[in-house]
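Features as listed in TrEMBL:
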- 454-614: domain 'SIS' (DOMAIN)
- Asn469, Gly470, Gly471, Glu482, Asn512, Asp513, Thr538, Thr539, Ser540, Ser543, Gln590: substrate binding site (BINDING)
- His478, Glu482, Gln590, His598: Zn(2+) binding site (BINDING)
Amino acid sequence: MKRKIAFISEHASPLATLGGVDSGGQNVYVGELARQLADIGYAVDIFTRWDNPNLPHVISWLTDVRVIHIEAGPTEFVEKERLFAYMPEFARNMISFMIQEETPYDLVHANFWMSGWVAMEVKKTLSVPFVITFHALGAIRKIHQGEQDKFPAERIDVERLIVQEADQVLAECPQDVDDLMQHYDASRDKITLVPCGFNPNEFYPLDRLLARMVLNLPAQDHIILQLGRMVPRKGVDNVVRALGRMNSTSTTVRLIVVGGESDDITTECNPEIARLQGIAAEAGVSDRVIFAGRKNRDMLKYYYAAADVFITTPWYEPFGITPLEAMACGTPVIGANVGGIKYSVVDGKTGYLVPPQDPDALAARLETLLSSPALLEEMKKNAILRVNTFFTWSRVAALAGKLYERVLQSYQPRELQHKRALDLVEHAFDQAREVFMQSKQVLSGPILEAAEMITEAFRQNKKVLICGNGGSAAESQHLAAELVGRFELSSRKALPAIALTADSSILTAWSNDFGYEQVFARQVEAIGHAGDILFCFTTSGQSANITEALKTALHKNMTCITLTGKDGGEAAQYAHVNIQVPSYSTPRIQEMHLHILHTLCTLIETHLFARRKRESVPAAVLSDTL
């Protein structure tokens, strides 16, 4: 059986378009690693926040890879700096989904610190081990951004706790290892170096003139490229200023900037691009800076291949996937001497490393490269060789897979199985308690109203017809048995109640001859009368035979009561009283239905018999109760 891995990436879905404020390398990492893990025999579910109501709950994205959208806050875009408040809801809903899966998850791979918090909750509840790739560390971000860092103040403390609780931490580069040990007191044996990668089927060398022809770029100009998320820390302003400080040459040098929130730069709403346009004007290079906007991923290889040099000079970069993609296309890289860039780019071999926020140093290196075709060609060959040797996603997946197996081997299967079973039992109790308490807050009124309606119907010598499907069919017969027989009172008159689910001859004959949708409606038509009650059990409210029965009952001037869950479904709109359990878990809804059934029986017996108010009860009902 395949190992089943749960990826958590709360804000970065592999389905998102790249280049926006919150869409970048992590989206690529999650999607590509999942793809390659599936190729080597794992099944991967990617849990991400549901931020688009048009997307389904579950998407079968690739063979053995699903994207699971988890409700956490509003179903719309929310800046990741404000997402932590929604993580408890994310954790609850993710755990509920995991429990309902037929095959249990073997391991969780969290991506980013908020996903790590969720992974801790999953481990605490279900005893599933977890590993984490942080992608960025709050302590390092704080050093570089100071008060501009808008993440919650507790981020760094949460990250420290995650480092303690995680079974392994994946560091993306040697600097990441050092930062985890220095700023988070992580032990070296808990850290495994697993870099990011690129897909050789997606990024590969192309003829430069062909790429420029595809993009309608001038063939004779020098073109430098900046590509990625448009946020200040990426240092795009440094590249624009460097362009303005280069010495004049006979060949025009142009900067192409790819990224943003819109495909059409005229409708771009990203404030960072507006800031960069102002800097270009100040530097006197507006006519040589082209803001290309956001581009589909299948077009990126043409931009990389069209460029003479790719530039990325952020203040801080945990890894940086774009340098790998550029080198895979045969384009040398000038990168900031920080984080993962100083790991992937070999200074003087595949490009150059320069200090961040130093446009003069960048301009000097640009002039060196652009003035030497032979050096560009040598670095091109070195770049292609390096990334294909060390940084393919298939190699990254192999390293991750070895790490997963090492973590899983450290768990004792029998002990783990027992612990998981015990955790499931405790979680079921906790979840049931939560549903009961929520129901107490919202259902007392509808339950009382339903009990009074049924009581009044019995006082008027009317009857109750009851229906439901599956487990709800069993509850229908249960309620009928309690009413016809007795519930808590040892001696009382039988109450007229009929379960429409009990006569197999009627059910099978009508279903076979006319269809199951009318199986309850037909019985309501036959034996229902004005003033009678139709009581329907339905966890979803979407069963067609329940809806048809309700329509028929209303047509006959009967009173309709529904006992539902989830959002009430279509059935709720036909009910005089809808008792809707506040849960989306079918087992918890059914448990609450049973409790409500018993409560209704208690109320009905109390109203009709326990108080023995002769003036309010028909003589026919009272005659056998005294």
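Glycine is no exception: its Cβ is also placed from the backbone N, Cα and C atoms.
Features recorded in TrEMBL, as mapped to the structure shown.
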residue: Asn469; record: substrate binding site; Cβ contacts under 8 Å, 6 or more apart: Thr501, Thr538, Ser543, Asn545, Ile546
residue: Gly471; record: substrate binding site; Cβ contacts under 8 Å, 6 or more apart: Thr539, Gln590
residue: His478; record: Zn(2+) binding site; Cβ contacts under 8 Å, 6 or more apart: Leu594, Leu597
residue: Glu482; record: Zn(2+) binding site; Cβ contacts under 8 Å, 6 or more apart: Leu597, His598, Cys601
residue: Asn512; record: substrate binding site; Cβ contacts under 8 Å, 6 or more apart: none
residue: Ser540; record: substrate binding site; Cβ contacts under 8 Å, 6 or more apart: Thr564, Gly565, Lys566, Gly569
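Neighbour density around each Cβ, counted as other Cβ atoms within 10 Å, peaks among the binding-site residues Thr538, Gln590 at Thr538. In this view, His598 (Zn(2+) binding site) is surrounded by 15 other Cβ atoms within 10 Å of its Cβ, with every protein chain counted. In this model, the domain 'SIS' (454-614) carries an average pLDDT of 93. A helical conformation is recorded for His478 (Zn(2+) binding site) in the three-state DSSP classification.
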